[in-house]
Amino acid sequence: MDQMFWEDGNALETATSIMSTIPINNAADISVIVIYFVVVLAVGLWDMLSTNRGTVGGFFLAGRSMVWWPIGASLFASNIGSGHFVGLAGTGAAAGIAIGGFEWNALILVVVLGWIFVPIYIKAGVVTMPEYLRKRFGGKRIQVYLSILSLLLYIFTKISADIFSGAIFIQLAMGLNLYLAIIILLAITGLYTITGGLAAVIYTDTLQTVIMLLGSAILTGFAFHEVGGYDSFLEKYMKAIPADIRYNTTNGTAAIDEKCYYPRSDALHIFRDPVTGDLPWPGLLFGLSILALWYWCTDQVIVQRCLSAKNMSHVKAGCILCGYMKLLPMFLMVMPGMISRILYTDVVACVVPEVCKKACGTEVGCSNIAYPKMVVELMPNGLRGLMLSVMLASLMSSLTSIFNSASTLFTMDIYTKIRTRATETELMLVGRLFILVLIGISIAWVPVVQSAQSGQLFDYIQSITSYLGPPIAAVFLLAIFCKRVNEKGAFWGLVIGLVVGLIRMIAEFAFGTGSCMKPSNCPAIICGVHYLYFAIILFGISIIVVLAVSLLTKPIPDVHLCWQISIRGQAEETQGCCRKAYNWFCGLEQQKGPKLTKEEEEAIKEKLTDTSENPYWKHVVNINGIILLAVAVFCHAYFA
């Protein structure tokens with residue numbers, strides 16, 4: 001377990017020394033960063049003034065008026081956080097291109113999302129994913145259970161990983177106090193999320209997607225130029241071996257096993273041996289698809305963006321745009337990480353614990369500094385500031401997406417159970433206050449994240465998902481495709497799946513994940529199964545439990561398998577000038593309008609659940625969806 005933590009509280013200060021030669025402290029870099037923050041805040045404030053934030057639909061679903069290109073950009077930006085720049089590049093440096101398969105798998109799942117899942121969610125007239133399960137199965141325990149589990153996943157994986165990755169980059173590059181940098185970032189992201197709602201988040205995500213792609217593309221160009229081109233990159237990576245491969249023992253020195261410092265023989269292949277591979281191909285194809293089903297098709301952060309679209313054609317087009325952009329991380333993050341190993345072998349590929357500790361503050365490896373080190377060493381003044389802006393963009397876009405979606409989950413699925421007669425104004429206020437609570441928890445969680453073993457960050461995120469995500473994916477899949485599944489089956493499938501996943505997760509935390517130098521002592525019967533294989537097993541167990549319990553209990557009557565949405569009403573309140581000004585700033589101003597007739601209410605219900613498409617655009621997006629699937633197959637086959 002000791003291998004999972006920094007040995008002293010000054011580890012990150014020690015890590016700073018490796019980049020102190022070229023700090024971001026010049027006028028050009030600082031000017032670029034300041035301009036970035038000003039532009040992002042301007043976009044968020046502009047949207048705050050120009051969009052409807054005073055209703056639940058306006059704040060949580062952007063009034064269901066979004067077009068395809070900001071939806072696609074927001075899907076991509078919400079997925080790509082600073083953990084990707086640090087984690088993908090780091091794993092690429094350590095093990096090659098296979099980790100890029102995690103990104104390309106999404107090309108298939110975004111099509112499944114746009115063509116299968118979103119139409120069902122829209123027809124159901126739901127705002128959150130737990131709300132869909134409540135309507136599908138009846139009862140409230142599944143909705144509350146899933147909301148709480150999702151919030152825990154957000155806090156302890158997504159928020160913590162992004163903050164930690166971003167903080168490492170900021171501190172190494174700028175020398176800022178860790179907590180000061182985090183508080184400033186969270187304050188700015190919280191400001192336009194709280195005041196602007198989902199529309200502000202989506203528009204700022206769009207801007208930050210452009211910044212991320214532009215900055216990372218420039219760095220990739222510098223990296224390939226420095227290493228001598230693509231062919232030279234392939235050749236040199238396989239020879240990137242650190243100079244120091246001996247470590248001290250009580251009897252002198254000893255050589256480290258070659259497998260700990262030699263590049264993997266299959267480093268340039270996505271599909272790897274099903275037994276000895278670090279990412280076995282059956283796990284990459286099937287286990288990863290289960291995790292991706294949970295993330296892309298049932299996760300609130302992703303689905304909420306699709307639900308904000310003005311019609312189904314825009315949903316599908318946004319998914320296609322996101323799919324094409326998901327082709328890029330292999331070339332903009334994974335391969336630059338591998339190049340960093342070539343250029344800075346003795347640091348990025350260090351293997352001797354004492355050397356790694358001196359280089360980056362951790363004994364099990366320094367691969368996670370691959371991307372930040374290349375930014376600071378390769379980029380000229382100004383562009384270095386742009387790359388820090390890229391990291392800030394990825395961090396802030398992910399955090400704002402998570403804050404908004406977590407606020408939606410709490411407000412619509414938990415708070416409405418506590419306050420069944422809450423007015424719309426009250427729900428809007430609670431949604432914003434909960435974001436402040438999340439920010440507080442995030443800051444309080446920083447010391448724990450700071451002590452975590454950064455060398456296992458990306459594996460940590462994926463493994464936690466493997467232990468908690470498959471039961472949720474199984475229940476949603478059966479809810480949509482199996483009419484016989486009932487509430488009891490779904491609930492017990494979730495509970496038993498969670499128990500099995502927690503057994504594996506707690507065991508790994510107790511024994512540690514280990515390293516090449518010091519393998520974990522966790523019993524093989526518990527931890528010996530690769531986490532992607534475990535995801536397949538857990539998915540199968542959950543499906544069996546759901547079906548078995550459902551078949552042994554009464555089915556849901558057909559009359560309860562259809563439902564209607566309702567339009568919330570509220571009494572008009574008299575407000576003073578100060579209250580009106582406060583409500584305007586926070587988007588809580590009452591939206592006045594004539595009382596709707598029954599016919600008008602029916603028309604609104606029909607519009608909110610409309611999944612019809614223009615025949616021409618339907619054919620256009622369908623053809624593009626087929627092309628995207630073909631591209632996904634080609635990429636997997638070419639690098640297999």
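Glycine too: its Cβ is placed from the backbone N, Cα and C atoms.
If you look up TrEMBL, you'll see 27-46, 67-100, 106-124, 144-172, 178-203, 279-297, 386-406, 427-448, 460-482, 489-511, 531-552, 620-639 (among others) marked as transmembrane segment.
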- Between the stretches 67-100, 427-448, 531-552, which wins on the count of C-beta pairs under 8 angstroms to the transmembrane segment (489-511)? 531-552
- Which of 67-100, 106-124, 144-172, 279-297, 620-639 has the most Cβ pairs closer than 8 Å to the transmembrane segment (531-552)? 279-297
- For the transmembrane segment (279-297) and the transmembrane segment (106-124), does the number of C-beta pairs under 8 Å, pairs 6 or more apart in sequence, reach 3 or more? yes
- Six or more residues out from either end of the transmembrane segment (460-482), which same-chain residues have a Cβ under 8 Å from its Cβ atoms? 83, 87, 102, 116-117, 120, 129, 132-133, 136-137, 142, 146, 149, 153, 156-157, 161, 287, 290-291, 293-295, 297-298, 452-453, 490, 493-494, 496-498, 501-502, 504-505, 508, 513, 531-532, 534-536, 538-539, 542-543, 546-547
- For the transmembrane segment (620-639), sequence-distant contacts whose Cβ falls under 8 Å of one of its Cβ atoms, 6 or more beyond its ends: 97, 100-101, 104, 107-108, 110-111, 114-115, 268-271, 313, 316-317, 319-320, 323-324, 327, 613
